[in-house]
Amino acid sequence: MRSLLIFGLILSNLSVIDAFKIGAILREKEDAHIAAAIQYAVEWLNQRAIYGQVDFVIDYIDVLDHYEAVLKACSLFEKDHVVALIGSSHPMLNAQLERLAAQMDIPLLTAVDDLGLNANTDVRIEFFPKAQLFESIVDLFRHWRWNRITIVYEENERIRRIEPLLEDDAYSSIRFRLVKIQNKDYMRAARDVKELEECSFYQRKDCSEFSRILLDLNPEHAYNFLLAGLQMGLIELKHWFLLTSMELSTMDMELFRYNHARYISPYPVDPIFLKEKAHVFNFSHFKHHIAENWNTRTGFSRNLKLTEAIFTFDSIYAFASVFSDVVHSQSQLVHDIPQTTCRKPGREARKYQYGRTLIDAVLNNKVVGISGDLHRVGHPMKSNFSMRIHLLGYSGRLDDIGFWEPKTDVHVNMTGDSRAQLQKNVQVSDELKPHFRVTTIMERPYVMLKKNHFELDANSKFEGFCIDLLAELSKDLGFTYSVHLVKDGAYGNDVHGNGSWDGMIGEILRGEAEMAVAPLTVNFKRAEVVDFTKPFLSLGISILFKVPDDQQPDLFSFLNPLSWQIWMAILTAIAGVTVGMFVVARITPYEWNLNFSCCTAHQPHPGATFNADSEPVQLSNNYSFWNTLWYVTSTMLKGGCDFGPRAVSTRLLGGTWWVFTLVIISAYTANLAAVLTVSRPFIPIKNLDDLANQSTIAYGTIKGGSTMQFFQESRIGSHVRMWEYMKDRDVFVKDNTQGVLRGIRENYAYLMESTSLEYEVQQNCNLTQIGGVLGSKGYGIALQKKSEWTDRISRQILLYAKRGIIEMKKTKWWRSKGASCQGGGAVKQQRFSLSFHNVAGLFIILIAGLLFGLITVIIELLIRSRQMAKKDKKPIVNEIRDELKFALNLNKPTEHRSRQKTLKAAETTNGQTVNGK
């Protein structure tokens with residue numbers, strides 16, 4: 001019997017441990033949804049029987065009488081021994097209860113939007129996600145890029161809490177217009193909104209933007225405004241309404257759902273909780289219970305706030321869980337019944353001895369309720385709280401289109417709603433188009449900042465080939481985008497070989513971007529982790545090098561037009577022609593003349609005063625060796641000569657020499673102008689092999705880029721040598737800009753893509769391309785793996801290539817945008833002096849002329865010798881020998897047959913003259 005008594009006492013103590021009571025001071029009609037939530041939560045907790053026995057006490061006040069509310073609250077503390085108080089839906093009533101609860105350390109759990117009234121003490125624990133709601137609204141503005149918004153409100157307190165949004169410089173690009181509903185005149189407010197759209201305040205070009213309306217109203221006021229808006233013509237296709245009440249799912253939207261306007265609202269219900277607790281918690285039954293009690297108490301009022309009932313349920317659920325944990329950890333609560341008393345004249349308030357412990361425990365709770373992570377009440381920045389986004393759109397159906405969370409902002413998919421609109425050939429607005437976060441990298445001329453970029457924001461501050469291509473794709477394929485620069489400034493490389501990608505590829509893999517539009521090379525490694533479209537530009541690898549400075553001409557630069565081989569050949573030709581002309585002129589009989597020959601240049605003419613009696617007759621030849629050398633040199637330099645050839649053989653040889661000198665002098669003159677005026681830089685390397693086989697010129701490429709990967713993976717001998725050189729030296733650069741600057745300032749050859757090289761050469765005349773293009777690759781647009789947009793964008797790129805759109809855009813950015821070197825491209829290799837091969841034909845003609853001259857003089861000698869041999873009746877051989885001896889001065893001129901004959905004639909003439917005297 002005694003043991004049974006002891007067992008009964010233990011059970012009694014256990015019941016004390018797990019039993020607690022909560023209270024509430026409410027208004028019977030306005031707070032009917034909170035009272036219903038308290039009842040439902042307590043019954044649900046007691047049915048589960050894992051949090052102990054929970055009781056509740058609700059006292060109602062007929063009118064907003066704060067004194068009566070304080071009296072009833074003190075009664076709850078002193079007589080009913082409540083350990084927690086549930087707040088009302090009226091902010092001022094909650095403020096009064098907060099001051100009372102603070103005196104006794106009783107936690108006050110509120111679940112309503114207090115319109116900006118912040119808690120003055122820490123006993124008030126707010127379960128309404130005020131800060132998160134405000135942040136989600138702003139994020140929706142940014143996500144859909146709303147630049148002009150009309151805010152409709154009724155209570156002044158509502159506009160005061162969004163003052164930070166209106167005054168923050170971060171949102172200065174958004175133009176707000178405020179419309180206040182005064183004296184319940186919703187029709188006038190709707191008319192004011194309509195007038196804003198009819199350009200009574202702004203230029204007509206801006207009016208189409210005023211179709212985004214923020215309704216900062218409770219459910220009943222929002223309904224009344226929409227009803228007035230329906231009469232004013234606001235409820236139609238171009239209008240979007242964003243509701244802050246979070247009650248879109250509970251409002252009666254039957255009159256508005258088929259007018260094609262769109263209504264959006266955050267919805268604080270966690271679908272994971274509903275799924276995991278489906279066997280113990282029926283959310284539909286909860287909503288029905290709240291609505292039934294509300295309609296019974298209020299007569300079907302339209303101001304039902306289901307979200308406040310949800311937050312009330314979560315507050316009781318969190319407190320029950322926390323209380324159970326505290327009771328089991330602090331056994332002294334077994335016997336300590338709350339002895340709280342209110343302050344009265346002559347008596348101080350008595351605090352609840354475990355109130356502070358319970359308050360701290362609630363603030364640090366880790367409970368997940370209907371609205372998600374309740375850790376937000378004490379640590380809003382550390383919780384995983386999120387909200388769903390509801391849309392009542394074109395189809396007239398309420399859809400869950402995504403979610404919002406503080407860390408990653410808005411994630412919505414409106415393709416279902418836009419598809420219904422497109423099926424009827426109705427143009428969709430930007431909000432309904434798929435949106436891509438596009439990552440890119442600064443590289444000329446693909447992506448650049450505009451000169452006035454500091455005055456611009458978002459996408460408008462960028463320009464370039466890739467930006468134009470992205471805008472074209474966006475317009476034709478129907479999507480929107482926001483461009484941002486890659487954080488680490490890299491293209492994308494598997495840094496450690498374990499899948500930890502950096503750059504633009506890494507951002508796509510981490511979900512920080514859905515698309516990369518940049519000069520991003522398609523290669524095997526990257527294609528394994530992301531999808532690439534068809535290349536929009538084809539290219540290869542080439543060498544960028546600085547054009548060497550022109551060398552100062554030396555003292556003998558006038559010799560440069562002709563190579564040294566030609567100069568030696570010319571000297572040889574002069575000597576050869578001189579000897580040949582001398583021999584031919586001596587051999588031919590027709591170059592021997594009297595000393596007063598008509599071909600001499602003596603003045604006066606010697607024949608006019610010749611006297612055979614006083615002057616002996618002599619035969620002479622103008623072509624002595626030195627005279628012949630003078631003749632050859634002077635005719636070559638166009639100086640002229642005082643004698644010329646008479647025989648056919650000498651004239652033939654002379655004419656050939658004249659042709660030779662004419663061409664040589666003309667070629668020299670023409671080439672001299674080019675040598676003295678045209679820059680002829682000497683390029684020490686001509687191709688990639690020359691670069692690989694030398695060590696004087698440093699060379700490198702972008703670190704982690706596709707060009708580096710090409711040399712790293714290539715098995716060609718010269719490429720392997722180049723990679724062995726590069727990998728152990730400081731030759732890599734961060735981007736093309738740094739590589740180009742290094743190439744200009746240092747003795748450095750930069751390996752880069754040919755298209756980018758072409759642009760740099762067009763912009764800077766001091767740069768040149770060395771050799772041809774190595775390999776074949778392309779720039780493509782990167783998307784997430786298995787993206788449905790890959791094929792669509794690829795087909796569009798092929799269409800652009802077919803129509804010449806890509807080539808037009810390339811011409812625009814490569815040649816039309818400030819290109820200073822229009823004849824750019826690869827600088828031709830060094831112009832050499834005129835080589836011997838260029839004038840070899842002239843020397844052949846000269847030699848041929850010399851041979852023909854020798855042949856002709858032999859013929860002339862034979863003919864002359866035959867004639868003289870016939871006269872003198874001598875053998876022709878002897879005559880030829882005599883002629884050769886005389887021509888070569890092997891005997892005296894007086895012994896020559898012709899000379900003897902002339903002397904005899906002279907003597908005879910002299911004798912006759914003497915006898916005649």
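Each position is counted from 1, following the chain as shown.
Cβ coordinates are placed from backbone N, Cα and C, and glycine is handled just like the others.
Within the same chain, residues at least six positions away from Thr707 (L-glutamate binding site) with a Cβ under 8 Å of its Cβ are Thr521, Ile541, Thr701, Leu751, Met752, Glu753. The L-glutamate binding site annotation in TrEMBL covers Pro519, Thr521, Arg526, Ser706, Thr707, Glu753.
As annotated by TrEMBL, compositional bias 'Polar residues' applies to 907-917.
Look at TrEMBL and you will find Cys74-Cys342 (among others) tagged as disulfide bond. For Cys342 (disulfide bond), the same-chain residues 6+ apart in sequence whose C-beta sits under 8 angstroms from its C-beta are Val70, Ala73, Cys74, Phe77, Glu78, Leu100, Gln103, Met104, Ala349.
Of all Cβ atoms in the shown protein chains, 14 besides its own fall within 10 Å of the Cβ of Cys765 (disulfide bond). The disulfide bond annotation in TrEMBL covers Cys765-Cys821 (among others).
The domain 'Ionotropic glutamate receptor C-terminal' annotation in TrEMBL covers 435-816. Restricting the average to the domain 'Ionotropic glutamate receptor C-terminal' (435-816) gives a pLDDT of 80.
Annotation source TrEMBL lists region 'Disordered' at 894-917.
For 1-19, the entry in TrEMBL reads signal peptide.
If you take the C-beta of Ile685 (site 'Crucial to convey clamshell closure to channel opening') and look for same-chain residues 6 or more apart in sequence within under 8 angstroms, you find Ile543, Phe545, Leu691, Gln694, Ile697, Ala749, Ile770, Gly771. Per TrEMBL, the feature site 'Crucial to convey clamshell closure to channel opening' maps to Ile685.
Taken from TrEMBL, the feature transmembrane segment covers 564-585 (among others).
The feature transmembrane segment is assigned by TrEMBL to 656-678 (among others).
Residues annotated as transmembrane segment in TrEMBL: 839-863 (among others).
Residue pair Ser706 (L-glutamate binding site) / Cys765 (disulfide bond) shows a Cα separation of 27 Å.
Within 8 Å of the centroid of the Cβ atoms of Pro519, Thr521, Arg526, Ser706, Thr707, Glu753, where the record puts L-glutamate, the same chain has further Cβ atoms from Tyr491, Leu520, Val522, Asn523, Gly705, Lys777, Tyr779. Separation of the C-alpha atoms of Arg526 (L-glutamate binding site) and Cys765 (disulfide bond): 35 Å, rounded to the nearest whole number. Cβ-based neighbour count (10 Å, all protein chains) for Arg526 (L-glutamate binding site) stands at 26. Counting only the Cα atoms, the space from Cys765 (disulfide bond) to Pro519 (L-glutamate binding site) is about 23 angstrom. Its own atom aside, the Cβ of Glu753 (L-glutamate binding site) has 27 Cβ atoms within 10 angstroms in the protein chains shown. Packing around Ser706 (L-glutamate binding site) is summarised by its Cβ count: 23 other Cβ atoms lie within 10 angstroms of its Cβ, all protein chains included. For the L-glutamate site, whose binding residues are given in the record as Pro519, Thr521, Arg526, Ser706, Thr707, Glu753, the maximum C-alpha distance rounds to 17 Å.
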